[in-house]
């Protein structure tokens, strides 16, 4: 039989490739080579076992097997057969051709959109034999591809801020068709994430790429270059430029937002909106505005994802028009025989049509020839005489103003009108107010001042100027910081012009003024006085006179008086008086305390020095004298060697110091210039062992004479006993530890 020289080997090849396999055999005659494909449907392909059930399909003859553009169905078990042409003997060799699928994509490109801030998932379905890998790339602005950073961003710093938002996953594999699904997750997508992403799949047999155009859709950016072209009194013309970024979605329309811009107030104003098509970039707001008003305006673009960011705010002021309404709450009263006081409030703010410049107060004398109708007087506007009053109203007072018309006729009737005006012109006239000047002059206002102030009381005095005979009563107006004006009417005082306002709050500011009423009418109000009652809620020392004085003094100094808008403080309560006096009092108290302590200390030193109290020192020896018995209360005496100075100690507790507490035992030495009178007293038992020497200078006892007052001489602690024949005795005032006090005589009168 033939013998194989070269046998074919197992081959692994990818689809679409070409292969060539060689098979050679030797023999005589030269064997014939044939190639067959074995159908292994009924047997295991891996065993290559021959079986009768196997079917073979002839491929070709020759030493080489060539397959071009290999397909998946070309995979299988093949055999090389060498046959002797003479006797028909054959030998065969089986081998396997494995056709593998290279990495490829069936869909080469796709589109994907995501809304800003959402999560996007880019999917690639790669086909091919395992193992297969996928690399995610993104096309840059210059056309180059860069790797999307998943974990390590050092290779691509431009993506470093997004590295934690990108994650790649291999989701599933289908062995039936060699399909593997790969995903790229982008968390919280941003506008910069838009672009072309490339999915590159690679395996042993090939590679392929797939392009995904990813678009992040968002609301549009803000329009730019908002310009106010022209402004009228009630209209405005504006234009703008489209946003540079439409959010990858077509602009649907623009919204013009505008509101009243009141920079002097924090109150909110209504927001107005006008919608215009996206094709237009200009707009005229016609008859939408109020004259003489400041407005703020901005533009917003909108697409299918919503409204974008607003543009920069522009402001403009509409042109003014004449006021539309007259002043309100007009009141006129007589101010004597030739004057009228006119009070009014400004028109409603939304009818000003600009900023008010002032008012015209019109007045006209009414005569008998003036016609009256059901609507009142028919006086033309040009028949009035006008006084121009500048606008000085304030918001907190409802823009109220007043003006006094002077130079009028006595006891005459006048028609009064008021109108407002701004830069554009005059507004309409108010309804006429008819008022008559007085026949007599009203009284002059009183001159009020504060005579006394307390915690709950303010005493007022006043001087009445001019004729006060027909004054019927007075009216006092007052208020604190938080209350409205209150009034008290009281008759004319009989003796002195004074009044006490009681039941007030301590430490509170009050405003006061007064009017006097007469048959001729009320007077002008006096100047407004602002004063603070005494007390500030602080408690003074009840038992410390100095503290009470200081508290009352400082409280009085805080009671300031204001006349009109100026504060007046009594001279004796001024800071230039209060502060020096307070400092002086404090210094005096401190000096007195220091002096008192110094005097007490010096007195104590003098007592100790004069008493001759011994002090312990290492250079002196002391002898302790104790009692013979141990009674419940036992006293001991300590004597310095060479001296008769004695010191008491409580022997019941030897651990206690000789001097437990002040005052210290005081020993008084005295010299008597006469004989000592005999006393029938025995020394207490504790002093029976007191070592005393008897002097032998007396030959016989002296004759007893009536006692004379002893002459006392004091000796210091270091002094020696006087060298005299006169008698010397010692008395000690002893204070025990239990605060008891005993007086001891350490020498009998007849013993020295």
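Glycine residues also receive a Cβ, built from the backbone N, Cα and C atoms like all the rest.
What TrEMBL says about this protein:
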type: DOMAIN; residues: 2-96; note: domain 'Ig-like'
type: DOMAIN; residues: 102-217; note: domain 'Ig-like'
type: DOMAIN; residues: 222-321; note: domain 'Fibronectin type-III'
type: DOMAIN; residues: 326-440; note: domain 'Fibronectin type-III'
type: DOMAIN; residues: 442-536; note: domain 'Fibronectin type-III'
type: REGION; residues: 698-722; note: region 'Disordered'
type: TRANSMEM; residues: 572-599; note: transmembrane segment
Over the span of the domain 'Fibronectin type-III' (222-321), count residues by DSSP class, listing helix, strand and coil in order. 0 helix, 48 strand, 52 coil
Averaged across the domain 'Ig-like' (102-217), what pLDDT does the model get? Just tell me the whole number, please. 86
From the DSSP assignment alone, can you count helix, strand and coil residues within the domain 'Ig-like' (102-217)? 12 helix, 66 strand, 38 coil
